[in-house]
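Novice: If you scroll down you'll find the structure; I have some questions about it.
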């Protein structure tokens, strides 16, 4: 899996370029992406009538070589008729490091606090024992949160009978169910927690077979 920060920066750059393109479209420009002009490839070209604005996005601190390239591009476009060159700087927002080895416990805490009804109805006394094997398939930034799509497994202990009958561990049964989660994670000041659950699907079909 691609490192988290690299994945987020890539998505941040795409969304920033899309926002810039939308702003120029509203002004009546036609947008072309990844344009080759002379010896340079530019992120965007905004075209209206006989005017062309070439736009290069920078989201990271540039190396000396990268700064020299920008200077060379600026000098080059000075000699291109009716062309304007714009460098847009938009820094990737700093977020606290999230250890994705900890995503299992983040989801476990969420399930405990907001007990899934699909699990609760399986027995008179259902308890969550473990969340494991979480695999994140998509991560993106939404405002001050990380939006994730993931799947994993949740282990539950099922017991039946009255409260007085719950001390006998031999009467319980543990079973694992696959789940899919879509939602937002935010930082509470001390730790990461689930901010919003957009979708939670727990496949309990095997229990009824």
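Any Cβ shown, glycine's included, is placed from N, Cα and C.
Straight from TrEMBL, here's the annotation block:
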- 10-90: domain 'REase AHJR-like' (DOMAIN)
- 107-208: domain 'Predicted pPIWI-associating nuclease group 2' (DOMAIN)
Novice: Can you give me the average pLDDT across the domain 'REase AHJR-like' (10-90), rounded to a whole number?
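Specialist: Computed over the domain 'REase AHJR-like' (10-90), the mean pLDDT is 88 on the 0 to 100 scale.
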Novice: Per DSSP, what is the residue count of the domain 'Predicted pPIWI-associating nuclease group 2' (107-208) in each of helix, strand and coil?
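Specialist: Breakdown, helix to coil: 21 helix, 59 strand, 22 coil.
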